[in-house]
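Per Swiss-Prot, the features are:
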BINDING   Arg43, Gly44, Asp94, Asp95, Leu96, Val97, Asp98, Thr99, Gly100, Thr101, Thr102  5-phospho-alpha-D-ribose 1-diphosphate binding site
BINDING   Asp95  Mg(2+) binding site
BINDING   Asp98, Ile141  xanthine binding site
BINDING   Asp98, Thr99, Gly100, Thr101, Thr102, Trp140, Ile141  GMP binding site
BINDING   Asp98, Ile141  guanine binding site
Amino acid sequence: MADPDRYNKMFPVSWEQLHRDTRALSWRLMERGPFKGIVAITRGGLVPAAILARELEVRLVDTICIASYDWKSQGGISVLKGVEGDGEGWLIVDDLVDTGTTARAVREMLPKAHFATVYAKPSGRPVVDTYITEVSQDTWILFPWDSEIQYVQPLVNRRQEG
């Protein structure tokens, strides 16, 4: 998990929940389109972008490759691959907007694109145009590609241990 001083809660997202939430996002985006294409922010935006591409019948999908997180913390922005143009007619997709650092960097590169995320936290929410679910700033979202199924102690047992 990430920095324990920054994240007090955990929000596990299953593959099924992510799919439902991304389909809900597609309903909101239908009235904004059609889009020329989708730009997925790697790596978190890849799965939502694939679902949105299917639901919105978008065949052109590109990526912006940015590194800002590791499994422990959020760091500085490193653009590994950009995209040409100003983003007009394009849909930018990411799984989450947290502090807004990554989103602001992408906004600077593609100022005319429509920016959508599945999940949004209060600090980053103003940077995106469309999102589905808001979670508190102190919540770590555990995405299905970052986890595996394992046994977890019942809450009452964990409380007694701690």
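Numbers run from 1 along the shown chain.
Each residue, glycine too, has its Cβ placed from N, Cα and C.
Taking every protein chain shown into account, Asp94, Asp95, Asp98 are the binding-site residues, and of these the Cβ with the most other Cβ atoms within 10 Å belongs to Asp94. The least crowded of the binding-site residues Leu96, Ile141, judged by other CB atoms within 10 A of its own CB, is Ile141. Ranking the binding-site residues Thr99, Thr102 by how many other Cβ atoms lie within 10 angstroms of each Cβ puts Thr99 at the bottom. Across the residues annotated as binding 5-phospho-alpha-D-ribose 1-diphosphate (Arg43, Gly44, Asp94, Asp95, Leu96, Val97, Asp98, Thr99, Gly100, Thr101, Thr102), the two Cα atoms farthest apart lie 17 Å from each other. Cα to Cα, Thr101 (GMP binding site) and the residue listed as 'Mg(2+) binding site' are separated by 14 Å. Across the structure, Asp98 (5-phospho-alpha-D-ribose 1-diphosphate binding site) and Trp140 (GMP binding site) are spaced 10 Å apart at their Cα atoms. Cα-Cα distance from Trp140 (GMP binding site) to Thr102 (5-phospho-alpha-D-ribose 1-diphosphate binding site): 17 Å (rounded to the nearest whole number). Ile141 (xanthine binding site) is 9 Å away from Leu96 (5-phospho-alpha-D-ribose 1-diphosphate binding site) when you measure Cα to Cα. Largest CA to CA distance in the GMP binding set (Asp98, Thr99, Gly100, Thr101, Thr102, Trp140, Ile141): 17 Å, whole number.
Every protein chain considered, the tally of other Cβ atoms within 10 Å of the Cβ of Thr101 (GMP binding site) stands at 19.
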